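Structure, as structure tokens:
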Amino acid sequence: IGLNNMFIMVSDWQHSHVTDPVPKRMAHTYKEAAMSITITALTDVLKFFIGVMSDFLSVQFFCLYTATSILFCYIYTMTFLGAFMALNGRREASNRHWLTCMKIPMEKSIEQTHMYNICCVGGTYDKLTGAEKKQPASNFFKDYYGPCLMKPGVKGVVIIIYLAYLATSVFGCFHIQQGTELYDLAADNSHVTRFNIKDRQYFYNYGPVVMVIVKGEMAYWDKAKRSQLQACIEGFKEPQFVDRDIYTSWLDSYLSYGQEKLLNLDDKDVFLSYLPQFFDLHPFFKQDVNLTGDAIHASRFFIQTVNITKASEEIEMLKGLKAIAGSCQVASLLVYNHEFIYYDQHDVVVKSTIKNVVVITAVMLVVSLLLIPNPVCSLLVTCSIGSVTVGVNGFMALWDISLDSISMIIFTVCIGFTVDFSAHVSYAFVSSEKPHPNDKAVDALSSLGYPIIQATLSTVLGVSVLSMSEFYTFRAFFKIFFLVMFIGMLHGLVFMPVFLTASACSSDKDENPEGVLKSSKL
């Protein structure tokens, strides 16, 4: 992602006058690019530093690392990259070869080969504008794509396409699956993966065996309290995801043992004195009771869950069992299974994702209002975050990606980049000296269309190797990153120019009779 700002810097350098001295060309480059780069870098850094307050320790570490990395990328871009561009500008001014730095002729020679003229002749530029000759892609955005996009009929088609995109995204959001399948945490060819798939396929009738723990001391020999506890345990058998006939209770077995031996288990001394004999007959119950001295400090029971076929049902099962445990008045109960660590993640993943989106949106709005000299454009940039977020989540569901802790971490990383392209285009639109909104949009696309394409392709190609990984985590990373970059590119190159012209955003220059462009105070 550090390449993205470099593409914009190089593009603005190419738009400067070749005959100007290097300091003036550098001033033009930083004037056009620095504020746009600062907006995106500042929002990304602030967002990820705020992400350190996430509920997940892994997300905290990742956000801290990513924020620091982006900060250094920004510093390098504004310092080292600029310094090397200045050195390269001096090379260009003295018309030296790009590789050997030797003086080269400025005009092509008919006596030399075509390859020599390509590699060893320089110094040509656009005599009309004084700038370097634009790349064919830049001319495409200026002469063909931009004017075509600004036609009223094309704008109407773009709005219809956007509404269809939004409808499809919302539909996908309502159908997104939540939760992690255990076989997604291992390699595709792992025996762990094969086991979990077969277990889910053939034994889905039986879910995890859940331990119901009684925390703290309790007088199990007190008949009234014991009856209340048994009623609480019976309450765990009521939900449809629990099998009433499959459960393990040391207390029920001990009471049956007492009836056979004609024991008065309502007496504390009798209850405690016969427990060791009971455990000798049934040693597997010994692990279910924490008996120390003349008090039982904790005990446990087991229930069997059934008909748990997918991760979303696991979440509902955990919530239901926690609610039943919380309703017991006679004792403090806790439900546990070693797989609950994953279910707990599922329970907060949606809340954390929403919180992350709200935070980045709020940060982007504040930064945009400070740095983009037009409140309407700042609001449009902020709205683009919500639009891209809805699109990524919706197409995640259509691309068979569930919302879990893994995808939430990836999404947290990616969501900060959803606004980059829209912010660049909006700032270029506002800063354009063209008088008409359509001309401003074409000017912005001419300057940033090619760098945005370069940034998207370089980023997607950089993570494309992950698409062939044996691990679901890496494949999900590629899919989400691809969606973020592609949908963000669509907003920057297609949707935002149309909406900017419709909202008639303009710089203060159009309203200033003295012709002085007022930028933001920062």
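Just so you know, glycine gets a Cβ as well, placed from its N, Cα and C.
TrEMBL does not curate its annotations; it predicts them automatically.
As written in TrEMBL, here are the features:
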DOMAIN    1-87  domain 'SSD'
TRANSMEM  33-53  transmembrane segment
TRANSMEM  59-87  transmembrane segment
TRANSMEM  157-177  transmembrane segment
TRANSMEM  203-221  transmembrane segment
TRANSMEM  353-372  transmembrane segment
TRANSMEM  378-399  transmembrane segment
TRANSMEM  406-430  transmembrane segment
TRANSMEM  450-468  transmembrane segment
TRANSMEM  480-500  transmembrane segment
Problem set entry | Stretch among 33-53, 157-177, 203-221, 353-372 sharing the most Cβ pairs under 8 Å with the transmembrane segment (480-500) | 157-177
Problem set entry | Tertiary contacts of the transmembrane segment (33-53) (same chain, 6+ residues out, Cβ under 8 Å) | 5, 8-9, 11-12, 59-60, 62-64, 66-67, 70-71, 73-74, 77-78, 356, 359-360, 363-364, 367-368, 371-372, 412, 415-417, 419-420, 423-424, 427-428, 431, 519-520
Exercise. Is the transmembrane segment (59-87) packed against any residues at least 6 beyond its ends, judged by a Cβ distance under 8 Å, and which are they?
Worked result: 1-2, 5-6, 9-10, 13, 22, 26, 29-30, 34, 37-38, 41, 44-45, 47-53, 352, 408-409, 412-413, 416
Exercise. Looking only at the domain 'SSD' (1-87), what are its DSSP counts of helix, strand and coil residues?
Worked result: 76 helix, 1 strand, 10 coil
